[in-house]
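Enquirer: Summarising the annotation, TrEMBL assigns active site, proton acceptor to Glu70. As annotated by TrEMBL, domain '3-deoxy-D-manno-octulosonic-acid transferase N-terminal' applies to 43-222. The site 'Transition state stabilizer' annotation in TrEMBL covers Glu140, Lys220.
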Amino acid sequence: MAATEAAGKLAYRIYRAVSYGAEPAVNLHLRWRRLRGREHSLRWTERLGLPSLSRPTGPLLWFHAVSLGEGITAIPIIKECIKQRPDVNVLMTTTTVSAFEVISKRLPSGVIYQFAPLDTPSAVGAFLDYWRPNAIILIESELWPNLIMGASENGIVLALLNARMSSKSFKKFSGPLLLPLISLMLSKFSLIVPLSTMQAIHFQLLQASPYIIKFSGDLKYAVEEFDASEGELRSIQDLKLQLAHRQVWMASSIHRGEEEIMLGVHRVLTEMHPDIVTIIVPRNPQHGLEIAQELQKAGQNVALRSRQENLKPGTNIYVVDTLGRHVGHFSHMVLEMQRLNPLSVLQVSGKLELEKALKELFSDAKVLEARRMAAKQAFCALSTGIVANVWSLLNVHVLNQALC
């Protein structure tokens, strides 16, 4: 263990030296991204650790998520934090402009929003020196060496919620070169709440202490209850009214190219159900606009969410080309729902299987209702008490240590 720790410290010194030497190039790249519109035109210097707002007096908890999906996931627990500890200031950071555009409008009043610093010694050092957080709560997979080691050196308590690691990252970190570094980083955490049992195994194999690994459930299940704005709720209700007497299916979180499959299925279904509505939700809003434009060129009637267009008679395709819909990692959620009720999820492989499944569901109202109820019940069972569970873990393992 001592040899592993020594190797980890050596690996970190190398990383820190390399990241320090790369700072001029990283800063130039940041300016290039700003010119390309990939960084905020006015607040891009926050990525260098330079604040745009004043730090309030008193204790401060820093929540950090990389982008929109992870950031939305953090909102329920931020709201619970404010409810339970109104004496504590909350700082929220993300890295992307798309996350800023959505999350900054949804955070409770009083929450400070900044862009996260790049993982360079200067940016992280400036950020920590200015904001002086008592604890840092990272969401999902934000494991940056300068940030984690800098926080530890400053006595800042660290937690990782909805912790996950892709198979590719796990394989990379498990290798002999990076294992000592990741092991050293994970040793600095006071709490790791994994997304699933398999993720817990991954973190233990990377030498995280089993005593800091706790389970609470997936925060993604709590998103719908907490993060919809009043305007969005009205928009959803209006859409429900428009769809009330029509059969509907949705192709959600699709990648480029997959719309061709979904539209092919749509054409087959309209032969059986001329009034059916297909809702297409691409992962990228720009992709949604492109899909709509291509369909309109082909003479199709399409309603766009961004334009708040209604589903008029003769319009069978509704494209969601706006940000704000949470998209995450679904594989473990599918397994959890299937384990609770096999009817809650129907998995298909390819266009023909999807066509067959939808034809059967739309032709048998009893089967469709049974599957809808199973999905709803499984979701409710998995979402119950998650925020309370996470807050309890944070309170015991993080706040009691950070705010003592």
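Glycine is no exception: its Cβ is also placed from the backbone N, Cα and C atoms.
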Enquirer: For Lys220 (site 'Transition state stabilizer'), what is the tally of other C-beta atoms lying within 10 angstroms of its C-beta?
Expert: 25
Enquirer: Using Cβ-Cβ distances, find the residues under 8 Å from Glu70 (active site, proton acceptor) that belong to the same chain and are at least 6 apart in sequence, listing them in sequence order.
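Expert: Glu70 (active site, proton acceptor) has long-range Cβ partners Thr94, Ile139, Glu140, Glu142, Asn162.
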Enquirer: Once the chains shown are all counted, how many other Cβ atoms turn up within 10 Å of the Cβ of Glu140 (site 'Transition state stabilizer')?
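Expert: 24, counting other Cβ atoms within 10 Å of Glu140 (site 'Transition state stabilizer').
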Enquirer: Taking every residue in the domain '3-deoxy-D-manno-octulosonic-acid transferase N-terminal' (43-222), what is their average pLDDT?
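Expert: When the pLDDT values over the domain '3-deoxy-D-manno-octulosonic-acid transferase N-terminal' (43-222) are averaged, the result is 95.
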